[in-house]
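Colleague: This is the feature table in TrEMBL:
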{"type": "DOMAIN", "residues": "38-270", "note": "domain 'Aminoglycoside phosphotransferase'"}
{"type": "SITE", "residues": "41", "note": "site 'ATP'"}
{"type": "ACT_SITE", "residues": "205", "note": "active site, proton acceptor"}
{"type": "BINDING", "residues": "210, 222", "note": "Mg(2+) binding site"}
{"type": "ACT_SITE", "residues": "222", "note": "active site"}
């Protein structure tokens, strides 16, 4: 769920050539063999670099998105987790530094962690993941100071403004869009205020695709969107299927989670508000990134009239859910 500090260049990676990528790896002491593979990443650019010993992942940060201080907080959080033996991946450090420069780009180097994404499916696997998340949230007590907070002002308001001004929003839908999103904003803000959940440092984008599995166990990856927010943000996207399946998955996650940290069931009331915020924020992200050539190629449907009409339907559904009592319950 990318967060924008600013709208970036229309061609932010135009100068990121293979020569620069391999040269960057050499500057931090790696010995590339010349082989590298671009990995699926739209926000940043990430490459698997082959070396004489082991492969590495080299991550080039999108220009102008994060401050150096914000990236340092991401890296510091990862190191705290690794030091506590939580299965995350901390960046390579050279002379105490983890953020490096190559031309106009900033990059970091991570140990390569192979695995399959989206394969946490059994109660046992979910209990294990819950244990890791409970410990992650223990470590996460406190606040980031240079990274965003998951609230209406940071994630809902800017998204509504961006989408209202998006040229792809059909003119005949704009009045309904503004009216619907105004009501949604009020409902989301009221839910956040009513629950009053404490904020802590989170993974922030904890869905099944960011949990890798292999024969050694689970690894939590992609902390690029780590932020301050309520604990439920790192749990709700791991709940698949219908209500029964979601409650079973939640029970398994919490069985592991609460071995290390209590969970306030009142936070379940935040699932639909958070889903609404994510829906708006994701679409606004596409709108902001549209001038980057990678986005029209990957998401051509975003420019279609039909997409925004379907989005209005999804927003109407979210309004109904926010108006109704929450249906997800914690299993006794």
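Each residue, glycine too, has its Cβ placed from N, Cα and C.
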Colleague: Would you kindly give the Cα-Cα distance separating residue 205 (active site, proton acceptor) and residue 222 (Mg(2+) binding site), rounded to the nearest Å?
Modeller: 8
Colleague: Sorry to bug you, but what's the C-alpha spacing from residue 41 (site 'ATP') to the residue listed as 'active site, proton acceptor', rounded to the closest Å?
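Modeller: Rounded to the nearest whole number, the Cα-Cα distance is 14 Å.
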Colleague: Within a 10 Å radius around the Cβ, which one of these recorded positions has the most neighbouring Cβ atoms: 41, 210?
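Modeller: Within the set of recorded positions, the most crowded position is 210.
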Colleague: Hey, which of the recorded positions 205, 222 is the loneliest by Cβ count within 10 Å?
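Modeller: Sparsest of the recorded positions 205, 222 by Cβ contacts within 10 Å: 205.
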Colleague: Take every residue in the domain 'Aminoglycoside phosphotransferase' (38-270), average their pLDDT values, and give the whole-number result.
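Modeller: Within the domain 'Aminoglycoside phosphotransferase' (38-270), the model's average pLDDT equals 97.
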Colleague: According to DSSP, does the residue listed as 'active site, proton acceptor' sit in a helix, a strand, or coil?
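Modeller: Note: the residue listed as 'active site, proton acceptor' is coil by DSSP, not helix or strand.
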Colleague: For the C-alpha pair, I'd like the distance in angstrom between residue 41 (site 'ATP') and residue 210 (Mg(2+) binding site), rounded off.
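Modeller: Distance between the two Cα atoms comes out at 12 Å.
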Colleague: When DSSP states are folded down to helix, strand and coil, where does residue 222 (Mg(2+) binding site) land?
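Modeller: Residue 222 (Mg(2+) binding site) sits in coil per DSSP, no helix or strand.
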